[in-house]
Amino acid sequence: MVRQESLQEPAEPGGDERGPGVAGEVRVSRRRWAVLLLFSSYSLCNAFQWIQYGSISNVFMRFYGVSAFAIDWLSMSYMLTYIPLLFPVAWLLDRRGLRLIALTGSALNALGAWVKLGSLRPPLFPVTVLGQVICSLAQVFILGMPSCIASVWFGSREVSTACSIAVFGNQLGIALGFLVPPVLVPNVENVEKLAYHISIMFFMTAGVATALFILVIIVFKEKPPYPPSQAQALIQSRPTVEYSYMQSILRLVRNTNFVLLMVTYGLNTGCFYSLSTLLNRMVIHHYPGEEVNAGRIGLTLVLSGMAGALISGLWLDRTKTYKQTTLVVYIMSLVGMIVYTFTLSLGHLWVVFVTAGVLGFFMTGYLPLGFEFAAELTYPESEGTSSGLLNVSAQIFGIAFTISQGQIMDRYGTKAGNLFLCSFLLLGTIMTAFIKADLRRQQANVESERTRLQGSSQITDYGLVACNPNPINSHSCSLAHTQRK
């Protein structure tokens, strides 16, 4: 048994069994919660910067003297930047590990926030675009991390909950991005006062992002001293030469179930991106002067989704019903979108709050489900690669939906734009029904446990003998027993 490496890295017992071919014991580290919380925090800060323009788009349009489409592109820059940079960053994650990716993502997030402080005059819109593009680069180093952190740091009974909490931070950032900007930046006529209010928001964001970067340097470690699960132990015991990044991508795109999930995830998340970006325009169109309530509706949409994400994560850890849960949540996202579409124009804000909450519970709650289902379908491939492909799909559909829905809303109204999203959620629901529940990660954990139990059994034709706990001898004992049969 491997000795504990350092008293500064305490570990909780997660079982002292050995998997086949694994040199050390399986344990979970107490540091895992600090790592998860820190990641969620800087992911929150980055997501806040994504939506801080869109949640008060009418204010920034007037301040910078630009069109609604230009402000929409500040949000879509996140989606556009991600697509070409996914594969280089995913390769870097596989080669250099979690710590370098965390440092780079949090550093770019802080740098982008400081650059935006140079855009506090109306002619300086290109500077705010530059700051947003830098923040969008940071997002590439963030979006693929949740399932990877969950697998590397958490045991098999916690992994889905951990992934949900990791996604949680990003969703909370979007929620705050809807809530805080309308409060900090009121729609005042005086341009100098407006610049002052914007500067407060930018300074606060830059300060928080810098503090989080410093904490990442101090707290964030590459991996725990022991693998937290048998599945992770098997991956860590695999020789490096056996892994080919390009071969991994080819295996993923040949996996029919994963390809179906990639498309359906993109459809659902793309709808969420479009809805979030255009929410302010929708609400202001039907309820003029309600910028603050538009932000609160966005907050309701995301907070209810966070509850949905946490509940779905806990449910998956208990039941492992990935296919059934994903399908039910997808169907309810479609139902919620239809109800929201036909109640938005009724003239009652409280109805919009309720329908947005129901829609968010399922649509936003779907996000961690997709990550975890992908990890199951693609094991033992890197979670960073599978998550990255899901996010590329989401960014592509997000850009297409945002542009298309915006144009439809301008020509035919908000109801037509929302029905456009409903049609694609219906398509995604049908495609989700065809995904097979090939839960490879769960099967690996089960088989590893079965092998361990067989290796420790004491069976021969003549009675009981003590089997050596060494993995090789355990396997030999199990094989001999099988041959005796």
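Every residue, even glycine, has its Cβ placed from backbone N, Cα and C.
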Feature region 'Disordered' in TrEMBL, mapped to one of the ranges 1-23, 369-391
1-23
Which residues, given as numbers and ranges, are at least 6 beyond the ends of the transmembrane segment (165-184) yet have a Cβ under 8 Å from it?
36, 39-52, 54-56, 142-143, 145-147, 149-150, 197, 200-201, 204, 276, 279, 291-292, 294-299, 301-303, 305-306, 309-310, 313, 364, 367-368, 371
Most CB pairs under 8 Å with the transmembrane segment (100-117): which of 33-53, 196-220, 416-435?
196-220
Against the transmembrane segment (388-404), which of these stretches has the most C-beta pairs under 8 Å: 129-153, 196-220, 327-343?
129-153
Mean per-residue pLDDT in the domain 'Major facilitator superfamily (MFS) profile' (35-440) works out to 87
Based on Cβ pairs under 8 Å, which of the stretches 33-53, 196-220, 256-275, 416-435 lies most in contact with the transmembrane segment (129-153)?
33-53
Who are the chain neighbours of the transmembrane segment (256-275) in space, where the CB to CB distance is under 8 Å and they lie at least 6 residues beyond its ends?
75, 79, 301, 330, 333, 337, 363-364, 366-367, 370, 373-374, 377-378, 386, 389-390, 392-398, 400-402, 405, 421, 424-425, 427-428, 431-432, 434-436, 438
Best-packed against the transmembrane segment (416-435), counting Cβ pairs under 8 Å over 33-53, 196-220, 327-343, 349-367, is stretch 327-343
